[in-house]
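Take a look at the structure set out below.
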């Protein structure tokens, strides 16, 4: 590792840090340990615990996604890890390129429904710079996916960086139609997206419970809407918290590219499934993107040293 700060060098965590909480969908407690990762290894989850014996390693890559229904899940069967998007958003938003994530439990904890707790954990651990240059995925040509009236697209960004433009539309108050644009960087991620919480409608609760979903959802980790109003006593953190949370999800889902994206994202009535379909379409279209940087990208490969150690904390 090196202490020389440079945006052209890969990063990892400087120390291990523990996060514990309840999963929003499973309702079960889980424990994760964020630890430093080797240069070029990307973000790798280790599904630990006695039920799995030796660690089950799952790289946080689009090719390992098993579901985008209401949340983003990687891996298959009993070893699957659900609701990774807010943690992935925090890592990507703060430009953490490599990390090992030990998880005991089926789902990343919901915490308060936003990425704030994960940002705090990353801040506690600190960042370390690695002696390899960052790589990036440069969007060269537009790609687009749609599902009925909903759509999402990625296009070249005229001035570089990663730009997000998200519009949502719901039939009634307090959401209605909202649109927000953002040129992403760590400071803006912290200030404008990290604290935006998941939201849902009380009228959908029984249907979700019957499907085995939202078993851990509560006013502590979800903005709940009923009869045209927000039920949470503290209200909203931002007037447009709903669309900000959708933008947070975009950051987390597109982090599964395995490298930072340089491009312009736009969506209308999007969600996890559409975000992931867009990413898959981009990476299946070689003429639409270019990998830049001197280091070999992690796109499509797991971290080779993901099993090398378990954190001592």
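Even glycines carry a Cβ here, placed using N, Cα and C.
What TrEMBL says about this protein:
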- 272: active site, proton donor (ACT_SITE)
- 86, 245, 249: Zn(2+) binding site (BINDING)
- Around the Cβ of residue 272 (active site, proton donor), how many other Cβ atoms lie within 10 Å? Please give the count over every shown protein chain. 22
- Whole-number Å distance between the CA of residue 272 (active site, proton donor) and the CA of residue 245 (Zn(2+) binding site)? 12
- CB-centroid shell, 8 A cutoff, Zn(2+) site 86, 245, 249, site residues removed: 85, 89, 114, 115, 196, 198, 246, 247, 248, 251, 252
- Task: Please work out the number of neighbouring Cβ atoms within 10 Å of the Cβ of residue 86 (Zn(2+) binding site), leaving out its own Cβ.
- Result: 32
- Task: Please list residues from the chain of residue 249 (Zn(2+) binding site) whose Cβ is under 8 angstroms from its Cβ, counting only those at least six apart in sequence.
- Result: 85, 86, 89, 271, 272, 275
- residue 245 (Zn(2+) binding site) CB neighbourhood, other CB atoms within 10 A: 25
